[in-house]
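What TrEMBL says about this protein:
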- 1-25: signal peptide (SIGNAL)
- 126-160: domain 'Ig-like' (DOMAIN)
């Protein structure tokens, strides 16, 4: 009986592996499909489009840890950490991402105007935290980072000021999807 369970689990695993290249949605297999010593993980590929800025975004996470975002103006993945830079150069799914972008554009042009005012607007209560990139050293310039969580919809603009004067050269804000329909941003 144990051999039959492992064979059935292997068959379900093979079906799942066949589906992955054909679908953007990552299916979570039931615990019976995995051997006891295996652990379930979640890879999330989230594409969003909206009227606000950014009007399109894509992020990829593994077990809720951000791996990449996608810069549509440069048509490249942006690694969240330097360790992922080599993987970010992979272009194997470039045509699928281009298709998704075209689909989003079509939805925004054709469907969005028809649904204007018919769908209730959902809003998160964003929470912002500001911290230093490195330990604070008095008398030396410090780099500040702003982390915004519980962001929905993923529309925001972050500006920095020093003594009420806009700071130039501040890095752009990157928005990434996290669990459910919430987003987070760093600037």
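Heads up, residue numbers simply count up from 1 along the chain you see.
Just so you know, glycine gets a Cβ as well, placed from its N, Cα and C.
Summarised by DSSP class, the composition of the domain 'Ig-like' (126-160) is 0 helix, 14 strand, 21 coil. Across all of the domain 'Ig-like' (126-160), the predicted model scores a mean pLDDT of 84.
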